[in-house]
Amino acid sequence: MAQVLRSISPLFPQQAYPDLMVGLTVSDDAAVYKITDDVAVIQTLDFFTPIVDDPYDFGAIAAANALSDVYAMGGQVTLAMNIFCVPGDLPEEIVGQILKGGAEKVREAGAVLVGGHTVEDSEPKFGLSVMGTIHPSKVQTKAAVENGDVLVLTKPIGTGLISTAAKRGKASQKAIKASTDSMKKLNRKAAEIFARYPVKACTDVTGYSLLGHALEMAEKSEVCMHFNATQVPFLTEAEDYAEQGLFPGGAKRNLDAYKEDIEFASELDEIWHSKLCCPETSGGLLAAVPKDCLDALLTEFSNCEEPCWVVGNAENGSGIKVS
């Protein structure tokens, strides 16, 4: 799909759209268009098939995942619209619960749901088209990491591992709840904290995995992203499922796609490689924080009882290093 989008990007040359700050030629978590010197709009869209059994939780997770792209760009969510693919025989009660889960998450984000579109399909798919706002000077992108920045992650990883274990009947209820709660959690508070500091580079961790999304930042910023593997947080029991080989298929696809650009320390085995390349759903924000404001930022996260972890740093070079 990325190649297809690149092939049509010449139809919309940057010089013809001077107020388009982030679009097809830049490729980031969302599009950004400047309306005035003080206001830019952020536009994004995301939807997917169920990752959990409970319809309400599915709706909430899908909504949180879609809203996250606005937070990754540093913005505030304003409006949302449903995108819903519905099998004709899906009970009305289930449809209602999916929509309710999504709607309540939009309300929690401080935004308003204004409509949507539904089509009939063989498998349910749900998500949102989301609009946000931001001051043009405050936009965070994948291309603004600087040498010396510290990498801060706001959610543990492991949703892909727990989801796979659950599908195979091997996940505990404790692990499933931890994963579901994490996926339903908005990145709103973390984004608001980052916005109060000179954080210029951020992304959210989703299907391309922690290292995959970090690699996008490294390539666009022309730096090396260096991770300390033991500092990366994992959800309850996720690492146990990794030891059992309960990886989703996307972990191998990600690893195959990125392995030429990732340098793993010799003591990190193939399980570690796969854990850090495992797809996530509605993951946390990964931000590059200037070192001189790190202590104040971490203190504010702590005071707000909002979790975050220092997982590495940016340095001269290219690609990803993991030690």
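Along the chain as shown, the residues are counted starting at 1.
Glycine is no exception: its Cβ is also placed from the backbone N, Cα and C atoms.
In TrEMBL, the ATP site is described by Val26, Ser27, Asp28, Asp69, Gly116, His117, Thr118, and among Asp46, Asp89, Asp149, Asp181 the residue recorded at this site is Asp46. Here TrEMBL has Asp29, Asp69 binding Mg(2+), and the candidate from Asp53, Asp121, Asp204, Asp240 in that same listed site is Asp204. Each residue in the domain 'PurM-like C-terminal' (147-322) has a pLDDT score, and their mean in this model is 98. Distance between Cα atoms for Asp69 (ATP binding site) and Asp204 (Mg(2+) binding site): 7 Å, as a whole number. A straight line from the CA of Gly116 (ATP binding site) to the CA of Asp204 (Mg(2+) binding site) spans 24 Å. Counting every protein chain shown, the Cβ of Asp28 (ATP binding site) has 23 other Cβ atoms within 10 Å. Per-class residue totals from DSSP over the domain 'PurM-like N-terminal' (28-133), listed helix then strand then coil: 35 helix, 42 strand, 29 coil. Same-chain residues that are not part of Asp29, Asp69, Asp204 yet have a Cβ within 8 Å of the Cβ center of the Mg(2+) site turn out to be Asp28, Ala30, Thr44, Ser68, Val70, Tyr71, Ala72, Met73, Thr203, Thr206. Same-chain residues at least 6 positions away in sequence with a Cβ under 8 Å from that of His117 (ATP binding site) are, in sequence order, Met81, Asn82, Ile83, Phe84.
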